[in-house]
Amino acid sequence: MAPTVDRKGYWGPTTSTLDWCEENYAVTWYIAEFWNTVSNLIMIIPPIFGAIQSVRDGLEKRYTASYLALTVVGMGSWCFHMTLKYEMQLLDELPMIYSCCIFVYCMFECFKIKNSVNYHLLFTLVLFSLIVTTVYLKVKEPVFHQVMYGMLVFTLVLRSIYIVTWVYPWLRGLGYTSLGIFLLGFFLWNIDNIFCDSLRNLRKKLPPIIGVTTQFHAWWHILTGLGSYLHILFSLYTRTLYLKYRPKVKFLFGIWPVILFEHLRKH
C-alpha cells in the first residue's frame, strides 16, 4: 500500500481502508488517484454499448445485466479512486462481488433452454452476496473481500476450463485470452502492492510520460476490465452456440472485440 506522504486535495482526508500506490492528488486537486480513476473508463463505456446491443439483439436479460454490472463496477471504482472515501470504496468492492455472481449464473446456465430460470442457483448466489455484504460491513477487512472475490473468479475459471476442454474446444482462444489478460492484471496488482516504495522512487527519476506506465494498479483496471469484458463475450458465445445461433467475434476499427450473430433460419 501507499506510504503516507501524499498531498491533500478536494475530497479531504482519506477514510477508505485502502490507499493504493499512486501518489494522491499528484495530477489534479480534484482527483485523489488520477490514473487509477481514469483507467476505469474501459470498464464503463464499452459494456454500456454491449448492453445496448444485447437488448437490440433480443438476448436474455442476464447478459444485459452482465454488461451493466461491469459498468457499475467501473463507476464505483472511479468514485473510490477519485475520493478515497470509505463509502465509495464499498461502491467499488461490493459490486465486484455482485457482478461475479451474475457471471457465475450465466456460465452455469449456458446449456439450458432459452429464458429458463434456475431459482436454486439464483437463491444461492443472492444469499452468498447478502452474507458477504453483511460480514464485510461488520469486519471492514479488505482481505475478506479479496478472498470472497477470488473464490468467485476461481469458480468462473474452473467452469470456463470445463467448457473449452469438454464442450467447445474451439473456444480455447477466447477463453484463455480472457483468463490470461485477467491474470496479467492480477500479477501487476501484486507488484504494485509489494514494491510500492520502489515504484514511487522510480517515478521520481523518470519523466512523467514514462513514469505513468509504472502505475500498475491502473493497469490492473485496464487488464481486468478487458479480461472481464472478454469473459462476457466468451459466456455469450457459448450460450448462443448452444441456442444454435451463428456467433462471430469481430473487431471494431480493427481493435475492440464485439460479438455478432444471427439465428439459424429454418427452411
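In case you wondered, yes, glycine gets a Cβ from its N, Cα and C as well.
Those TrEMBL annotations? Automatic predictions, nothing curated.
Per TrEMBL, the listed range annotated as transmembrane segment is 34-52 (candidates: 34-52, 243-261). The record from TrEMBL ties His217, His221 to Zn(2+), and of the options His81, His120 it ties His81 to that site too. For the transmembrane segment (34-52), same-chain residues at least 6 beyond its ends with a Cβ under 8 Å from one of its own Cβ atoms are 20, 22, 26-28, 64, 67-68, 70-71, 73-75, 77-78, 81-82, 212, 215, 217-219, 221-222, 225-226, 228-229, 232, 256, 258.
Reduced to three states, the DSSP call for His81 (Zn(2+) binding site) is helix. Asp19 (Ca(2+) binding site) is 15 Å away from His221 (Zn(2+) binding site) when you measure Cα to Cα. Across the binding-site residues listed here (Asp19, Glu33), the residue whose Cβ sits among the most other Cβ atoms within 10 Å is Glu33. Once Cβ contacts within 10 Å are tallied over all protein chains shown, the binding-site residues His81, His221 are led by His81.
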